[in-house]
Ligand SMILES: [Zn+2]
(Lines of atoms letter the chains of each structure in order from A and count residues from 1; the text may use other names and numbers.)
(Lines give C-alpha, C1' and ligand atoms only; values in the text may rest on other atoms or scores of the structure.)
Protein backbone atom coordinates (compact mmCIF):
# COMPACT_ATOMS: atom_id res chain seq x y z
CA UNK A 1 0.00 0.00 0.00
CA UNK A 2 2.75 2.35 0.98
CA UNK A 3 4.62 1.58 -2.19
CA UNK A 4 1.53 2.23 -4.32
CA UNK A 5 1.03 5.67 -2.76
CA UNK A 6 4.64 6.54 -3.39
CA UNK A 7 4.42 5.55 -7.04
CA UNK A 8 1.21 7.52 -7.47
CA UNK A 9 2.63 10.70 -5.94
CA UNK A 10 5.75 10.44 -8.03
CA UNK A 11 3.64 10.02 -11.15
CA UNK A 12 1.59 13.10 -10.29
CA UNK A 13 4.53 15.30 -9.48
CA UNK A 14 5.34 16.55 -12.97
CA UNK A 15 1.77 17.79 -13.36
CA UNK A 16 1.56 19.62 -10.07
CA UNK A 17 2.63 23.03 -11.37
CA UNK A 18 -0.40 23.05 -13.66
CA UNK A 19 -2.76 22.46 -10.77
CA UNK A 20 -1.93 25.86 -9.33
CA UNK A 21 1.32 27.71 -8.79
CA UNK A 22 2.36 29.13 -5.45
CA UNK A 23 1.48 32.64 -6.62
CA UNK A 24 -2.07 31.96 -7.75
CA UNK A 25 -3.44 29.12 -5.68
CA UNK A 26 -6.69 27.62 -6.99
CA UNK A 27 -8.18 28.04 -3.53
CA UNK A 28 -6.54 30.60 -1.25
CA UNK A 29 -5.36 29.12 2.04
CA UNK A 30 -7.76 29.54 4.95
CA UNK A 31 -6.95 32.64 6.96
CA UNK A 32 -6.21 32.41 10.64
CA UNK A 33 -7.16 36.00 11.48
CA UNK A 34 -10.88 36.47 10.93
CA UNK A 35 -11.01 40.24 11.41
CA UNK A 36 -13.27 41.98 13.83
CA UNK A 37 -16.95 41.39 14.52
CA UNK A 38 -19.57 44.02 13.53
CA UNK A 39 -18.96 47.25 15.43
CA UNK A 40 -21.21 47.83 18.43
CA UNK A 41 -21.93 51.18 20.00
CA UNK A 42 -20.35 52.09 23.33
CA UNK A 43 -20.85 55.23 25.47
CA UNK A 44 -18.37 57.91 24.40
CA UNK A 45 -18.91 60.51 27.12
CA UNK A 46 -15.56 61.34 28.76
CA UNK A 47 -14.39 59.04 31.55
CA UNK A 48 -11.46 59.42 33.94
CA UNK A 49 -8.08 58.06 32.91
CA UNK A 50 -5.48 56.99 35.44
CA UNK A 51 -2.45 59.22 35.62
CA UNK A 52 0.80 57.36 35.11
CA UNK A 53 3.38 58.18 37.80
CA UNK A 54 6.56 59.24 36.01
CA UNK A 55 9.66 58.07 37.82
CA UNK A 56 12.96 56.21 37.78
CA UNK A 57 12.57 52.66 39.12
CA UNK A 58 15.91 51.96 40.83
CA UNK A 59 17.43 48.60 41.82
CA UNK A 60 20.45 50.05 43.61
CA UNK A 61 22.15 46.84 44.71
CA UNK A 62 22.20 45.47 41.13
CA UNK A 63 22.79 48.96 39.69
CA UNK A 64 19.86 48.53 37.31
CA UNK A 65 17.55 51.46 36.58
CA UNK A 66 14.36 51.74 34.56
CA UNK A 67 12.43 54.87 33.71
CA UNK A 68 9.21 56.08 32.12
CA UNK A 69 10.22 59.75 32.14
CA UNK A 70 9.74 60.44 28.45
CA UNK A 71 6.94 61.03 25.95
CA UNK A 72 4.88 57.95 25.01
CA UNK A 73 6.36 55.91 27.88
CA UNK A 74 4.31 53.32 29.72
CA UNK A 75 5.73 51.52 32.72
CA UNK A 76 3.57 51.26 35.84
CA UNK A 77 5.78 49.23 38.17
CA UNK A 78 8.74 46.82 38.17
CA UNK A 79 9.32 43.91 40.51
CA UNK A 80 12.38 41.70 40.74
CA UNK A 81 11.66 37.99 40.86
CA UNK A 82 13.74 35.37 42.70
CA UNK A 83 15.43 34.27 39.47
CA UNK A 84 16.68 37.81 38.89
CA UNK A 85 14.13 38.56 36.16
CA UNK A 86 12.64 42.07 36.22
CA UNK A 87 8.89 41.83 35.75
CA UNK A 88 7.51 44.84 33.93
CA UNK A 89 3.98 45.73 35.09
CA UNK A 90 1.80 47.47 32.56
CA UNK A 91 -1.68 48.95 33.06
CA UNK A 92 -4.03 50.62 30.59
CA UNK A 93 -5.28 54.19 30.90
CA UNK A 94 -8.74 52.94 31.97
CA UNK A 95 -11.08 50.00 31.39
CA UNK A 96 -12.83 48.44 29.56
CA UNK A 97 -10.23 48.72 26.83
CA UNK A 98 -9.18 46.89 23.70
CA UNK A 99 -6.28 44.49 24.36
CA UNK A 100 -3.49 46.54 22.76
CA UNK A 101 -1.05 46.51 25.69
CA UNK A 102 1.37 49.29 24.84
CA UNK A 103 4.56 49.70 26.86
CA UNK A 104 7.71 51.80 26.52
CA UNK A 105 10.54 52.35 29.00
CA UNK A 106 14.24 53.06 29.29
CA UNK A 107 16.76 50.85 31.02
CA UNK A 108 20.41 51.39 31.98
CA UNK A 109 22.85 49.68 34.28
CA UNK A 110 26.05 50.39 36.21
CA UNK A 111 27.72 47.18 34.99
CA UNK A 112 27.95 44.88 31.96
CA UNK A 113 25.67 42.18 33.27
CA UNK A 114 22.68 41.15 31.17
CA UNK A 115 19.26 42.30 32.31
CA UNK A 116 16.42 39.83 31.81
CA UNK A 117 12.81 40.91 31.91
CA UNK A 118 9.24 39.65 31.48
CA UNK A 119 5.85 41.35 31.18
CA UNK A 120 2.71 41.28 33.34
CA UNK A 121 -0.38 43.10 32.14
CA UNK A 122 -3.32 44.26 34.28
CA UNK A 123 -6.48 42.24 33.75
CA UNK A 124 -4.51 39.23 32.48
CA UNK A 125 -4.35 40.75 29.02
CA UNK A 126 -2.11 38.67 26.79
CA UNK A 127 1.27 39.85 25.54
CA UNK A 128 0.78 41.21 22.02
CA UNK A 129 3.79 43.27 20.89
CA UNK A 130 7.29 41.77 20.81
CA UNK A 131 9.70 44.33 22.29
CA UNK A 132 11.71 46.57 19.97
CA UNK A 133 14.98 47.94 21.31
CA UNK A 134 16.96 51.01 20.32
CA UNK A 135 20.13 52.77 21.46
CA UNK A 136 19.41 56.04 19.68
CA UNK A 137 15.57 56.00 19.48
CA UNK A 138 15.88 55.96 15.68
CA UNK A 139 17.07 52.47 14.76
CA UNK A 140 15.10 49.64 16.26
CA UNK A 141 15.54 45.90 16.47
CA UNK A 142 13.09 43.29 17.64
CA UNK A 143 14.13 41.21 20.66
CA UNK A 144 13.72 37.45 20.48
CA UNK A 145 11.94 35.78 23.39
CA UNK A 146 13.20 32.77 25.30
CA UNK A 147 10.30 30.86 26.82
CA UNK A 148 11.09 29.48 30.28
CA UNK A 149 8.34 27.60 32.18
CA UNK A 150 5.77 29.12 29.84
CA UNK A 151 6.95 32.70 30.49
CA UNK A 152 8.49 34.81 27.74
CA UNK A 153 11.81 36.30 28.81
CA UNK A 154 13.91 38.93 27.04
CA UNK A 155 17.52 39.82 27.61
CA UNK A 156 19.47 43.02 26.97
CA UNK A 157 22.88 44.29 28.02
CA UNK A 158 22.23 47.98 28.51
CA UNK A 159 25.46 49.05 30.20
CA UNK A 160 25.56 52.72 31.11
CA UNK A 161 24.03 53.77 27.78
CA UNK A 162 20.30 54.15 27.80
CA UNK A 163 18.32 51.56 25.89
CA UNK A 164 14.77 52.29 24.81
CA UNK A 165 12.44 49.32 24.85
CA UNK A 166 8.97 49.72 23.36
CA UNK A 167 6.01 47.74 22.02
CA UNK A 168 6.54 49.43 18.64
CA UNK A 169 9.03 52.00 17.40
CA UNK A 170 8.41 55.29 19.21
CA UNK A 171 6.56 57.73 16.97
CA UNK A 172 5.18 60.61 19.03
CA UNK A 173 3.28 63.74 18.05
CA UNK A 174 6.61 65.61 17.64
CA UNK A 175 7.90 62.87 15.33
CA UNK A 176 4.78 63.29 13.20
CA UNK A 177 5.20 67.10 13.27
CA UNK A 178 8.82 66.65 12.08
CA UNK A 179 7.69 64.40 9.25
CA UNK A 180 5.12 67.02 8.17
CA UNK A 181 7.66 69.85 8.26
CA UNK A 182 10.11 67.77 6.19
CA UNK A 183 7.39 67.28 3.57
CA UNK A 184 6.59 70.96 3.71
CA UNK A 185 10.21 71.89 2.99
CA UNK A 186 10.51 69.70 -0.07
CA UNK A 187 7.06 69.64 -1.60
CA UNK A 188 4.03 71.80 -2.13
CA UNK A 189 2.51 70.84 1.16
CA UNK A 190 0.59 73.28 3.34
CA UNK A 191 0.35 72.35 6.99
CA UNK A 192 -2.18 73.62 9.51
CA UNK A 193 -4.11 72.52 12.57
CA UNK A 194 -7.83 71.73 12.60
CA UNK A 195 -8.33 72.14 16.35
CA UNK A 196 -7.14 71.00 19.73
CA UNK A 197 -7.13 67.66 21.50
CA UNK A 198 -8.51 67.14 25.02
CA UNK A 199 -5.12 68.16 26.48
CA UNK A 200 -4.78 71.10 24.13
CA UNK A 201 -2.39 69.62 21.54
CA UNK A 202 -2.87 70.67 17.93
CA UNK A 203 -4.60 68.16 15.66
CA UNK A 204 -2.17 68.29 12.78
CA UNK A 205 -3.30 68.48 9.17
CA UNK A 206 -1.82 69.18 5.77
CA UNK A 207 -3.03 69.47 2.23
CA UNK A 208 -1.56 69.33 -1.25
CA UNK A 209 -2.70 69.05 -4.85
CA UNK A 210 -4.94 71.55 -6.60
CA UNK A 211 -6.50 73.85 -4.01
CA UNK A 212 -9.14 74.95 -6.58
CA UNK A 213 -10.32 71.42 -7.28
CA UNK A 214 -13.79 70.36 -6.17
CA UNK A 215 -12.70 66.74 -5.78
CA UNK A 216 -11.16 65.61 -2.50
CA UNK A 217 -9.29 62.61 -1.13
CA UNK A 218 -9.01 62.33 2.67
CA UNK A 219 -6.33 60.33 4.48
CA UNK A 220 -6.55 59.90 8.23
CA UNK A 221 -4.77 57.90 10.87
CA UNK A 222 -3.67 56.97 14.37
CA UNK A 223 -6.92 57.18 16.27
CA UNK A 224 -5.39 54.33 18.28
CA UNK A 225 -2.00 55.05 19.88
CA UNK A 226 -0.07 51.76 19.50
CA UNK A 227 -0.86 51.47 15.77
CA UNK A 228 2.58 52.48 14.53
CA UNK A 229 2.63 50.07 11.56
CA UNK A 230 -0.58 51.71 10.32
CA UNK A 231 1.15 55.08 10.62
CA UNK A 232 4.05 53.73 8.55
CA UNK A 233 1.59 52.62 5.87
CA UNK A 234 0.06 56.10 5.91
CA UNK A 235 3.45 57.79 5.45
CA UNK A 236 4.41 55.37 2.64
CA UNK A 237 1.07 56.02 0.91
CA UNK A 238 1.25 59.81 1.28
CA UNK A 239 4.91 60.01 0.21
CA UNK A 240 3.97 58.05 -2.92
CA UNK A 241 1.17 60.53 -3.63
CA UNK A 242 3.87 63.24 -3.46
CA UNK A 243 6.31 61.41 -5.75
CA UNK A 244 7.06 62.12 -9.40
CA UNK A 245 5.15 59.26 -11.06
CA UNK A 246 2.96 60.11 -14.08
CA UNK A 247 -0.35 59.08 -12.52
CA UNK A 248 0.29 60.72 -9.16
CA UNK A 249 1.48 63.95 -10.83
CA UNK A 250 -1.70 64.27 -12.88
CA UNK A 251 -3.69 63.28 -9.81
CA UNK A 252 -2.22 66.22 -7.90
CA UNK A 253 -3.26 68.56 -10.74
CA UNK A 254 -6.89 67.50 -10.47
CA UNK A 255 -7.50 66.71 -6.80
CA UNK A 256 -7.15 68.19 -3.34
CA UNK A 257 -5.64 65.82 -0.84
CA UNK A 258 -6.15 66.35 2.90
CA UNK A 259 -4.09 64.36 5.40
CA UNK A 260 -4.89 64.12 9.13
CA UNK A 261 -1.99 61.89 10.22
CA UNK A 262 -2.57 61.80 13.99
CA UNK A 263 -6.09 62.14 15.37
CA UNK A 264 -5.14 61.10 18.91
CA UNK A 265 -1.99 63.02 19.88
CA UNK A 266 -2.77 62.79 23.62
CA UNK A 267 -3.17 59.01 23.57
CA UNK A 268 0.10 58.61 21.68
CA UNK A 269 2.12 60.95 23.91
CA UNK A 270 0.63 59.55 27.14
CA UNK A 271 1.47 55.99 26.13
CA UNK A 272 -2.17 54.83 26.09
CA UNK A 273 -3.37 51.45 24.84
CA UNK A 274 -6.39 52.71 22.92
CA UNK A 275 -8.21 55.81 24.15
CA UNK A 276 -7.89 59.58 24.02
CA UNK A 277 -7.39 61.69 27.15
CA UNK A 278 -11.17 61.63 27.59
CA UNK A 279 -10.83 57.90 28.18
CA UNK A 280 -12.76 57.04 25.01
CA UNK A 281 -12.10 55.01 21.85
CA UNK A 282 -12.28 57.81 19.28
CA UNK A 283 -13.26 55.39 16.55
CA UNK A 284 -16.61 54.77 18.27
CA UNK A 285 -17.49 58.46 18.59
CA UNK A 286 -18.43 59.29 14.99
CA UNK A 287 -22.14 59.31 15.74
CA UNK A 288 -22.29 61.13 19.10
CA UNK A 289 -19.22 63.39 18.69
CA UNK A 290 -18.61 63.71 22.40
CA UNK A 291 -14.84 64.18 22.00
CA UNK A 292 -12.99 67.30 20.79
CA UNK A 293 -10.85 65.28 18.35
CA UNK A 294 -13.79 63.82 16.39
CA UNK A 295 -15.67 67.14 16.55
CA UNK A 296 -12.63 68.95 15.12
CA UNK A 297 -12.60 66.65 12.08
CA UNK A 298 -16.37 66.87 11.60
CA UNK A 299 -16.40 70.69 11.81
CA UNK A 300 -13.32 71.14 9.63
CA UNK A 301 -14.74 68.95 6.85
CA UNK A 302 -18.12 70.72 7.02
CA UNK A 303 -16.37 74.03 6.43
CA UNK A 304 -13.93 72.72 3.82
CA UNK A 305 -16.20 70.59 1.65
CA UNK A 306 -19.06 72.80 0.61
CA UNK A 307 -21.94 72.73 -1.89
CA UNK A 308 -20.77 71.40 -5.25
CA UNK A 309 -17.57 69.85 -3.84
CA UNK A 310 -17.09 66.15 -3.34
CA UNK A 311 -15.17 63.97 -0.96
CA UNK A 312 -14.61 61.12 -3.38
CA UNK A 313 -12.69 58.74 -1.14
CA UNK A 314 -11.37 58.39 2.40
CA UNK A 315 -8.76 56.03 3.80
CA UNK A 316 -8.37 55.49 7.53
CA UNK A 317 -5.09 53.82 8.54
CA UNK A 318 -4.87 51.41 11.50
CA UNK A 319 -2.99 48.35 12.74
CA UNK A 320 -4.31 45.02 13.91
CA UNK A 321 -3.19 41.39 14.21
CA UNK A 322 -2.85 40.94 10.45
CA UNK A 323 -3.29 42.95 7.23
CA UNK A 324 -6.98 43.47 6.40
CA UNK A 325 -9.27 45.98 4.70
CA UNK A 326 -12.61 46.81 6.30
CA UNK A 327 -15.05 48.12 3.73
CA UNK A 328 -18.55 49.49 3.37
CA UNK A 329 -20.72 46.65 2.08
CA UNK A 330 -20.52 46.84 -1.76
CA UNK A 331 -24.33 46.98 -2.00
CA UNK A 332 -24.14 50.57 -0.75
CA UNK A 333 -23.09 52.95 -3.51
CA UNK A 334 -21.07 56.09 -2.88
CA UNK A 335 -19.56 58.81 -5.08
CA UNK A 336 -17.44 56.43 -7.18
CA UNK A 337 -19.26 53.09 -7.18
CA UNK A 338 -16.91 50.12 -7.30
CA UNK A 339 -13.81 52.20 -6.50
CA UNK A 340 -12.66 50.24 -3.44
CA UNK A 341 -13.32 46.82 -5.03
CA UNK A 342 -11.45 47.83 -8.18
CA UNK A 343 -8.61 49.32 -6.15
CA UNK A 344 -8.08 46.20 -4.10
CA UNK A 345 -8.27 44.05 -7.25
CA UNK A 346 -5.53 46.17 -8.81
CA UNK A 347 -3.38 45.64 -5.73
CA UNK A 348 -3.36 41.88 -6.41
CA UNK A 349 -1.98 42.65 -9.88
CA UNK A 350 0.61 45.14 -8.67
CA UNK A 351 1.87 42.94 -5.83
CA UNK A 352 2.27 39.42 -7.25
CA UNK A 353 1.22 36.70 -4.82
CA UNK A 354 -0.73 39.10 -2.61
CA UNK A 355 -4.39 38.48 -2.00
CA UNK A 356 -5.91 41.23 0.13
CA UNK A 357 -8.06 40.17 3.06
CA UNK A 358 -11.29 42.15 2.68
CA UNK A 359 -14.18 42.25 5.12
CA UNK A 360 -17.28 44.46 4.83
CA UNK A 361 -17.84 46.02 8.25
CA UNK A 362 -20.41 48.73 7.63
CA UNK A 363 -23.97 47.94 6.64
CA UNK A 364 -26.25 50.56 8.21
CA UNK A 365 -26.23 53.54 10.60
CA UNK A 366 -25.46 54.57 13.29
CA UNK A 367 -21.95 55.45 12.18
CA UNK A 368 -19.69 54.69 15.14
CA UNK A 369 -16.49 54.74 13.08
CA UNK A 370 -14.89 57.42 10.95
CA UNK A 371 -15.04 55.44 7.70
CA UNK A 372 -18.77 54.80 8.04
CA UNK A 373 -19.39 58.44 8.99
CA UNK A 374 -17.50 59.68 5.93
CA UNK A 375 -19.45 57.30 3.72
CA UNK A 376 -22.88 58.28 5.10
CA UNK A 377 -22.18 62.02 5.29
CA UNK A 378 -20.24 62.59 2.07
CA UNK A 379 -20.76 59.43 0.01
CA UNK A 380 -16.97 59.02 0.21
CA UNK A 381 -15.76 55.59 -0.87
CA UNK A 382 -14.31 54.61 2.48
CA UNK A 383 -11.99 51.93 3.69
CA UNK A 384 -10.10 51.05 6.85
CA UNK A 385 -6.55 50.18 5.82
CA UNK A 386 -5.25 47.85 8.54
CA UNK A 387 -1.62 46.77 8.66
CA UNK A 388 -0.51 43.81 10.77
CA UNK A 389 1.32 44.56 14.03
CA UNK A 390 4.35 42.67 12.72
CA UNK A 391 4.06 43.30 8.99
CA UNK A 392 7.50 43.63 7.45
CA UNK A 393 8.71 47.20 6.81
CA UNK A 394 9.58 46.57 3.16
CA UNK A 395 6.13 45.12 2.48
CA UNK A 396 4.50 48.14 4.13
CA UNK A 397 6.49 50.39 1.77
CA UNK A 398 5.63 48.27 -1.27
CA UNK A 399 1.95 48.20 -0.37
CA UNK A 400 1.85 51.95 0.33
CA UNK A 401 3.35 52.70 -3.07
CA UNK A 402 1.20 50.21 -5.01
CA UNK A 403 -1.92 51.50 -3.20
CA UNK A 404 -1.16 55.10 -4.15
CA UNK A 405 -0.49 54.19 -7.80
CA UNK A 406 -3.63 52.10 -8.18
CA UNK A 407 -5.93 54.58 -6.44
CA UNK A 408 -4.69 57.58 -8.39
CA UNK A 409 -5.05 55.69 -11.72
CA UNK A 410 -8.65 54.81 -10.90
CA UNK A 411 -9.59 58.30 -9.70
CA UNK A 412 -7.89 59.90 -12.73
CA UNK A 413 -9.96 57.64 -14.99
CA UNK A 414 -13.11 58.47 -13.04
CA UNK A 415 -12.87 62.23 -13.49
CA UNK A 416 -11.72 61.90 -17.12
CA UNK A 417 -15.09 60.28 -17.95
ZN1 LIG B 1 -7.18 51.03 15.14
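Placement of Cβ uses the backbone N, Cα and C atoms for every residue, glycine included.
Feature annotations, reproduced from TrEMBL:
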SIGNAL    1-22  signal peptide
REGION    26-45  region 'Disordered'
DOMAIN    169-414  domain 'Peptidase M14'
ACT_SITE  386  active site, proton donor/acceptor
Task: Conformational class of residue 386 (active site, proton donor/acceptor) under the three-state DSSP mapping - done: strand
Task: Summary of DSSP states over the region 'Disordered' (26-45), given as helix, strand and coil counts - done: 0 helix, 0 strand, 20 coil
Open item on the list: Let me check the 10 A CB neighbour count of residue 386 (active site, proton donor/acceptor). How many other CB atoms are there?
Closed with: 27
